[in-house]
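Colleague: Pasting a structure here, questions to come.
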Amino acid sequence: MTYFIDVPTMSDLVHDIGVAPFIGELAAALRDDFKRWQAFDKSARVASHSEVGVIELMPVADKSRYAFKYVNGHPANTARNLHTVMAFGVLADVDSGYPVLLSELTIATALRTAATSLMAAQALARPNARKMALIGNGAQSEFQALAFHKHLGIEEIVAYDTDPLATAKLIANLKEYSGLTIRRASSVAEAVKGVDIITTVTADKAYATIITPDMLEPGMHLNAVGGDCPGKTELHADVLRNARVFVEYEPQTRIEGEIQQLPADFPVVDLWRVLRGETEGRQSDSQVTVFDSVGFALEDYTVLRYVLQQAEKRGMGTKIDLVPWVEDDPKDLFSHTRGRAGKRRIRRVA
């Protein structure tokens, strides 16, 4: 049978582990998987674009497990009281093709995105970084803030969003963390002045130039998260030209990332090579580094495996007959049309 993790179960799982420990453990798992980069069968995500958003499938596999994520991006959804990003994913056994996990990934995507940002910053930011600007205070902002506060030593966050209510929500959600100071800014320029790290996590599908070259200061690390599809950017092109730029999966980032603005031969560095020690990350304390983060399927593979391990360990989730299993005659599919006496087979793990 297939493990099934719905939103309430994922919520319970994250609460049981703790948001910050979840992100920290996941960042370590991501680092391990990025270090075995060449073991994976990789491809860019398959995207279906419309005027109002995008729907994507993100596949990846190694020799034992295949994973994919279904995810959307619809920036105007909040006006209809809907989420901008929603996702679910599957982890399957390569030997048999059977799905071993069907899971919600909306909550988990925010966690894995924060964990990926953390993993990159641990490798690229200056070790004495203590102050971060957080531009875009929507659904993913708290996860990014906690990742950098709990695991990188960020003590002060200067927050800015075009919607003041989003910033108020961020501050309210994180008020219990006494070691973290969150201050409002009235503009992007005010938010980024004097910080060590800039995290941009905005949602508008537009060629935006939220961060401009005049805002850069020596030694900054930029964690550019929001630009993740064609026609959607956050950084002025000259910001990239004045920085050392790191990417997840270059063929995908060339299409969807900040570097879509630049020629195809603009030099970038594979993050996995830095993590493996094959190439340099930050080359000096004064260098500006950019993590051009678009989100890659390997990160979803990692979070699906982590969720399955943690759910099994805690006896959480349900098991469902998503496909016919071993007790059925594999040559008699027609028997499944007889209704099985109307019984729906869903079994709570614990």
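Just so you know, glycine gets a Cβ as well, placed from its N, Cα and C.
Note that this is a predicted model, so its numbers are computed, not measured.
Here's the feature list from Swiss-Prot:
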ACT_SITE  D228  active site, proton donor/acceptor
BINDING   R45, K69, R112, D228, V294  L-ornithine binding site
BINDING   T84, R112, A139, Q140, D161, T202, V225, G226, G227, D228, K232, S293, K331  NAD(+) binding site
Colleague: Near V294 (L-ornithine binding site), meaning Cα within 10 Å, which of T84, A139, D228, K331 (recorded positions)?
Modeller: D228
Colleague: Which residue, out of the binding-site residues A139, V225, V294, shows the minimum number of other Cβ atoms inside 10 Å of its Cβ in this structure?
Modeller: A139
Colleague: What three-state secondary structure does DSSP assign to R112 (L-ornithine binding site)?
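Modeller: Reduced to three states, the DSSP call for R112 (L-ornithine binding site) is helix.
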Colleague: Counting other Cβ atoms within 10 Å, pick out the least crowded of the binding-site residues R45, K69, R112, K232, K331.
Modeller: K331
Colleague: For the recorded positions D161, D228, which one has its C-beta crowded by the most other C-beta atoms within 10 angstroms?
Modeller: D228
Colleague: Among the binding-site residues T84, G227, which residue has the fewest other Cβ atoms within 10 Å of its own Cβ?
Modeller: T84
Colleague: If I take the Cα of D161 (NAD(+) binding site) as reference, which of the recorded positions R45, K69, R112, D228 has the closest Cα?
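Modeller: Smallest Cα separation from D161 (NAD(+) binding site) among R45, K69, R112, D228: D228.
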